[in-house]
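Enquirer: Provided herewith is a single structure, encoded as C-alpha cells, for subsequent inquiry.
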Amino acid sequence: MLCGIARGNRSIDGTFESCVLYNNVRLCAPISPPRARAPETNPRTGYRPINGSVRLCVDSLRSIHNETVNVYSHLVPATIALSSNGFLHQYFRSRYPTASLVGQLALYVYLTTSVLCLGTLSIYHTLLYHSEAYSDLWGYLDYVAIILQTIGLFVSGIYAIVVILVSSRFQSSCWRMLRLSMFVATGHSGLLPIIHAASIYPYARLNQQAGLGHYLVEGLTLIIGVVFYATHFPESWTPEKFDIWGASHQIFYLFVVLSAAIHVWGILSVFDLIYKNPRC
C-alpha cells in the first residue's frame, strides 16, 4: 500500500512533504515514509510525486529518482533475456545440430520466465507512483512473476538431474521477514534433488554432469543479496546518501540478476556435456 508519498502538496496519508527540482524533475521527500517499506530504512528523498498517468510514469524513465536503478536493473536484463532466446536458437542449430528439443526447452523455459519476471518487476517500479491501485496490482503480479521464474529454474535444474538419475494480508512491512524467508526457501528448495544426487555420486561427477558448482555459487549469490536487503545496508548506516544510487534494494536486485546469469551459464555447460556424452 502506498502511504506517505506525494500527491499534489500533500501525501496519501495526509502529512506534508517537501519537493525539489533535480535535473528539471520534481522529486519529493515525504515526512512520513511509505508504510509498505520498513520505516527505519525507507529512502528519505528522491520520490516521484503521485501522478495518475502512465505516460508521466514512463517519461520518468528519462530522469533520475530513487527507483531508477530498480527499473533499469530489471529492464536491461529482461531485454537481454528476450533477445537471447532468438540468439540461442541459432546457437543450438550451429553447435548442437542433432540436439533434442527437450534439452533446449529447459533453457528456453528459464529465459522466458526470466523475461516475464524481470519485465513485470521493471513495470512495477515504473508505475509504482501512478496510484495506489496500480501499485497494488503490479505488486501482486510481481510475486506471481517471481514464482514463474522459480518454476522455470526448477524445469532447467530438474532436466539436468533427471538426465543423471534417469494473499494481500502478507504485503505489509510486518510480514517482510516472512516473505524474505519464503523467497529463500522456495529458491533453495530446488537444491533438494541435487542433495539427493550428492548422496549417490561424488562431488566431482555432479559438478561436471549437473553443474553443482554453479548451483552452489548461484545460491550463495542469492543469500548475499538477501543479506543486503534484510539488513538495509548501506542506507541504514548513512541515511539519504544512498536514496538514488546504491540502496540495499538495488544491490539485492543486482545479485538476483547475477544469480540468473550464473544459472544460464550452468545450464549451458551441462547441456554441452550431455550433448557430447549422451546417456539415455
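Here the Cβ of each residue, glycine as well, is placed from N, Cα and C on the backbone.
Annotations for this protein, taken from TrEMBL, read as follows:
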- 105-124: transmembrane segment (TRANSMEM)
- His125, His249: Zn(2+) binding site (BINDING)
- 144-166: transmembrane segment (TRANSMEM)
- 178-200: transmembrane segment (TRANSMEM)
- 212-230: transmembrane segment (TRANSMEM)
- 251-275: transmembrane segment (TRANSMEM)
Enquirer: Using DSSP and three states only, what is His249 (Zn(2+) binding site)?
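Expert: His249 (Zn(2+) binding site) sits in a helix per DSSP.
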Enquirer: Say we define neighbours as other CB atoms within 10 Å of the CB. Which of the binding-site residues His125, His249 has the fewest?
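Expert: So among His125, His249, the binding-site residues given, the one with the fewest Cβ atoms within 10 Å is His249.
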Enquirer: Which residues, given as numbers and ranges, are at least 6 beyond the ends of the transmembrane segment (251-275) yet have a Cβ under 8 Å from it?
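Expert: That would be 69-70, 73-74, 77, 81, 84, 96, 99, 103-104, 106-107, 110-111, 114, 118, 121, 149, 153, 156, 160, 163, 208-211, 213-215, 217-219, 221-222, 224-226, 228-229.
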